[in-house]
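S.K.: Pasting in a structure now, in structure tokens, and then I'll have a few things to ask.
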């Protein structure tokens, strides 16, 4: 039996519950904004290469700032980092409304969202890792993804309706207002100080560690594939359906499909089937990306969108459970989490210029197909995570 009082006992972990609440609020607020940002740029007349440039600048800032700010972060707690991320995110999204009249914001705003992502991601992963219950990591992660998917389920549809009625800028403002409610559940979370050993030399040990190489490679694949998923694929959907409102509805429905599989996958991860789930889901997800390179009609776009959410949800729970198991086994949690964030954005700093060049030289239709095939290829890097075993670390780091 998958659901009973004993197995749902982890829901009584108050700190995890508060983190669920914070993430749910943030996901709902971001669902009104972030998924529409590439569409917003596209409607402003930005070429695809320029939209990709925005995200390249973001990742470039992220890598630079994550190294420069390491020393200053030693005195901050995980909770403080998460709280600081909210106003930074608000500045970014508010500034997007002025980017047409103040073009220089295109090059400045990525710094704000980069810092916001750094603060929240590092703070959240440290807090969530420390709060997890042994033996329930997969299920707790599954519940986190369910809550995230449900929180985001209605927001893209609502966002699409609001944009149709009020426009992008007013909808972004509503999302910003909602995001500040994240503060309330975060106030109930026990603060944890970051590692006193936080410095570039110690963090880069995790990047160079031979034992972690296969898992690092899977993280790079995750980061690169996600760029196609959150930038190029939404624009492709929008062009296919021709309406912001319909676009929001499709995104919402896909998130609901993802939620249906997450808890089951989390349970399978906890009972020792994580590697098999990860392998099957990765092959399926890669195949779906290849299918996308051949679809053109609305039915094909919607069908592959739903299938992709099922496969990707399974990947993120099974792969994510390994992430947190490693995080709980290393000596210095802060250094591990920080190194993950650097890997993701370093990979994007390399990958995004490739997409930019392809979008500049290829016709739009050809570029979409080539980018989907590239996504299929880099998604297969998730399989390298199966070559890693936590026991292999042997207290190395």
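Any Cβ shown, glycine's included, is placed from N, Cα and C.
So TrEMBL lists the following for this protein:
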type	residues	note
TRANSMEM	20-41	transmembrane segment
TRANSMEM	47-69	transmembrane segment
TRANSMEM	81-99	transmembrane segment
TRANSMEM	105-124	transmembrane segment
TRANSMEM	145-166	transmembrane segment
TRANSMEM	172-191	transmembrane segment
TRANSMEM	212-241	transmembrane segment
TRANSMEM	247-265	transmembrane segment
TRANSMEM	367-385	transmembrane segment
S.K.: For the transmembrane segment (367-385), which recorded stretch in the set 47-69, 81-99, 172-191, 212-241 gives the largest number of Cβ pairs separated by under 8 Å?
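M.R.: Out of the listed stretches, 212-241 contacts the transmembrane segment (367-385) most.
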S.K.: With the transmembrane segment (20-41) as the reference, which stretch in 47-69, 105-124, 145-166, 172-191 has the largest tally of C-beta pairs below 8 Å?
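M.R.: Comparing 47-69, 105-124, 145-166, 172-191 against the transmembrane segment (20-41), the winner is 145-166.
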S.K.: Among 47-69, 81-99, 145-166, 172-191, which stretch has the highest count of C-beta pairs below 8 Å with the transmembrane segment (105-124)?
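M.R.: Ranked by Cβ pairs under 8 Å, first place goes to 81-99.
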S.K.: Can you say which of 81-99, 145-166, 172-191, 212-241 has the most Cβ pairs under 8 Å with the transmembrane segment (47-69)?
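M.R.: Top-ranked stretch among 81-99, 145-166, 172-191, 212-241: 212-241.
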